[in-house]
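J.: These came from Swiss-Prot, pasted as-is:
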- Asp191, Arg222, Arg380, Tyr385: substrate binding site (BINDING)
- Asp245, His247, His377: Mn(2+) binding site (BINDING)
- Cys141-Cys372: disulfide bond (DISULFID)
- Cys363-Cys442: disulfide bond (DISULFID)
- Cys477-Cys493: disulfide bond (DISULFID)
- Cys525-Cys540: disulfide bond (DISULFID)
- Cys567-Cys587: disulfide bond (DISULFID)
- Asn460: N-linked glycosylation site (CARBOHYD)
- 150-261: region 'Catalytic subdomain A' (REGION)
- 318-380: region 'Catalytic subdomain B' (REGION)
- 1-6: topological domain 'Cytoplasmic' (TOPO_DOM)
- 7-29: transmembrane segment (TRANSMEM)
Amino acid sequence: MAVARKIRTLLTVNILVFVGIVLFSVYCRLQGRSQELVRIVSGDRRVRSRHAKVGTLGDREAILQRLDHLEEVVYNQLNGLAKPIGLVEGPGGLGQGGLAATLRDDGQEAEGKYEEYGYNAQLSDRISLDRSIPDYRPRKCRQMSYAQDLPQVSVVFIFVNEALSVILRSVHSVVNHTPSQLLKEVILVDDNSDNVELKFNLDQYVNKRYPGLVKIVRNSRREGLIRARLQGWKAATAPVVGFFDAHVEFNTGWAEPALSRIREDRRRIVLPAIDNIKYSTFEVQQYANAAHGYNWGLRCMYIIPPQDWLDRGDESAPIRTPAMIGCSFVVDREYFGDIGLLDPGMEVYGGENVELGMRVWQCGGSMEVLPCSRVAHIERTRKPYNNDIDYYAKRNALRAAEVWMDDFKSHVYMAWNIPMSNPGVDFGDVSERLALRQRLKCRSFKWYLENVYPEMRVYNNTLTYGEVRNSKASAYCLDQGAEDGDRAILYPCHGMSSQLVRYSADGLLQLGPLGSTAFLPDSKCLVDDGTGRMPTLKKCEDVARPTQRLWDFTQSGPIVSRATGRCLEVEMSKDANFGLRLVVQRCSGQKWMIRNWIKHARH
């Protein structure tokens, strides 16, 4: 039986080789782009899958060698598709192995493309669409095996005015590094790009290179990343959907661990670990394993993995994460719909990635970073949708806070230094999202902080926050001054975080941005140590005598040091910025006003 099977296998392979040579000859005579060649490549992939279990290890290696040769013959012909549009396919060339690359003629044109794309697009055009990148998976990951019946995945890329070579490298990379039986389709969602080459050239290339595999969805108007991803979800047909920025490259073996974890629990959202593609040289750099967190402004950031993961000592183990950075995530398609997708009432992008993390955890699901599944990502210096992106990030953050954060929503308003009533931001109608939370029977945000994100600092004892002005100089606000300095100053009021002042029930008067998490320094305390006329800013825990950091303050009244009885006041000085200096001295009746008072329930 084994001999007969071997004969049948080799006969099949030789027939395929013969057919490939014949088709290649026909191609040369007709000088066209034969669709038969494309079908042979697809057939070759199916043959690989069908015969993966046939014969001994030696048989399989021999078969794969013959198939590799056939694929090389066909691939060399298809490589011609990239040349007419000025791009490079196949092995070799600049940047192989994820190494840094440069161009000798990197000049004014490259500078213009930097401004347009936020990365070196001219260099990207010279790097192969099929380049290899380093395998940064932990060693244990490479020894793992997975079930044969994993679900298929639809991979969705969102782009707007991206460089064509970067988009196509993302597509090539996912096709090259995903087993054919697992990759159902690739969906490109064009969020109404202006770039002409992203129309005809892109269509023609993917239709010839990947017929039936790659679909393009085009938005008739600019929707923003959030709603563009929803369009990709609607177009997807596989049981699992992976959402990615269109400027990524996939590591070998990225799909199997992600699909395996979702197969175990469909309520689990998996985040491939992120490595970096340097925007200037396209060097692929390894990032340390990290969870994804955020500050009280709901801006995402990398954070240290949970202590239980560190104690485990297994770099291949999944990392519990409170939220996601947002450039890549994989999710069961039906489950994503069940929990409400991304909030369609949010605009452009920013905050939706944090909101999804809160919602998944509070509503019975989970989210994890998977070190065995890795994707390299370009951190661009310039991003699309740049106009008013801070406004949209603020708007989306307030929307998430109103739905999911209960009384802790005050922290988001504090972080943005805006009032809770009439904040000057219309975050839209959230009634449908509140109904979703009720329908899903979700837990409280307090539960989430205690069980998922205990690293967050809470400021429940805050009585009042915002800009603080003196009656003697009402156009100027208390300001933390230089970040690394120890002197509070008066500065023209601008409402940003350096002028965020918080007064707590304990009597602390703190200046500067919220520390948010245990990984970040907290805002400093205003201190009167009694030794001079100038108040200082110190880390609250470093103040020698606790009373030196305590103040009495009432609206439209003085600010009085509990340690010395002196008042914080303003004096005119030719030597000070804007002619105004902060001092502590005998009280003269000066009054201070702070912008926002809150009533905070104890938790």
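We count from 1, first residue shown onward.
Cβ from N, Cα, C; glycine included.
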J.: Go ahead and report the DSSP secondary structure tallies for the region 'Catalytic subdomain B' (318-380): helix first, then strand, then coil.
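T.: Taking the region 'Catalytic subdomain B' (318-380) as a whole: 17 helix, 20 strand, 26 coil.
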J.: Write out, in the order they occur in the sequence, the residues of the chain not among Asp245, His247, His377 that have a C-beta within 8 Å of the mean position of the C-beta atoms of the recorded Mn(2+) site.
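T.: Same chain, not in Asp245, His247, His377, Cβ within 8 Å: Ser170, Phe244, Ala246, Val248, Ile277, Cys327, Ser328, Ile378, Arg380.
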J.: In this structure, which of the disulfide-bonded residues Cys363, Cys525 has the fewest other Cβ atoms within 10 Å of its Cβ?
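T.: Relative to the other disulfide-bonded residues in Cys363, Cys525, Cys363 has the fewest Cβ atoms within 10 Å.
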J.: Restricting the comparison to the recorded positions Cys141, His247, Cys442, Cys493, Cys525, which residue's C-alpha is spatially nearest the C-alpha of Asp191 (substrate binding site)?
T.: His247
J.: Looking only at Asp191, Arg222, Arg380, Tyr385, which the record lists for substrate, tell me the maximum pairwise CA distance in angstrom.
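T.: This binding site's residues have a maximal Cα-Cα distance of 20 Å.
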J.: Around Cys372 (disulfide bond), which residues of its chain at least 6 apart sit with Cβ under 8 Å of its Cβ?
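T.: For Cys372 (disulfide bond), the qualifying residues are Arg137, Pro138, Cys141, Met144, Gly253, Pro257, Ser316.
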J.: To the nearest whole angstrom, state the Cα distance for the pair Cys540 (disulfide bond) and Asp245 (Mn(2+) binding site).
T.: 41
J.: Return the member of His247, Arg380, Tyr385 nearest to Cys442 (disulfide bond) in space, with distance defined Cα to Cα and candidates limited to these binding-site residues.
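T.: Checking each of His247, Arg380, Tyr385 against Cys442 (disulfide bond), the shortest Cα distance is to Tyr385.
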J.: What's the CA to CA span in angstrom from His377 (Mn(2+) binding site) over to Tyr385 (substrate binding site)?
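T.: About 19 Å separate the Cα atoms of these two residues.
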J.: If I take every residue in the region 'Catalytic subdomain A' (150-261) and average their pLDDT values, what number comes out?
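T.: For the region 'Catalytic subdomain A' (150-261), the model's average pLDDT rounds to 97.
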J.: What is the Cβ neighbour count of Arg222 (substrate binding site) at a 10 Å cut-off, with all protein chains included?
T.: 15
J.: Specify the nearest of the recorded positions Cys363, Arg380, Asn460, Cys525, Cys567 to Asp245 (Mn(2+) binding site), where nearness means the distance between Cα atoms.
T.: Arg380
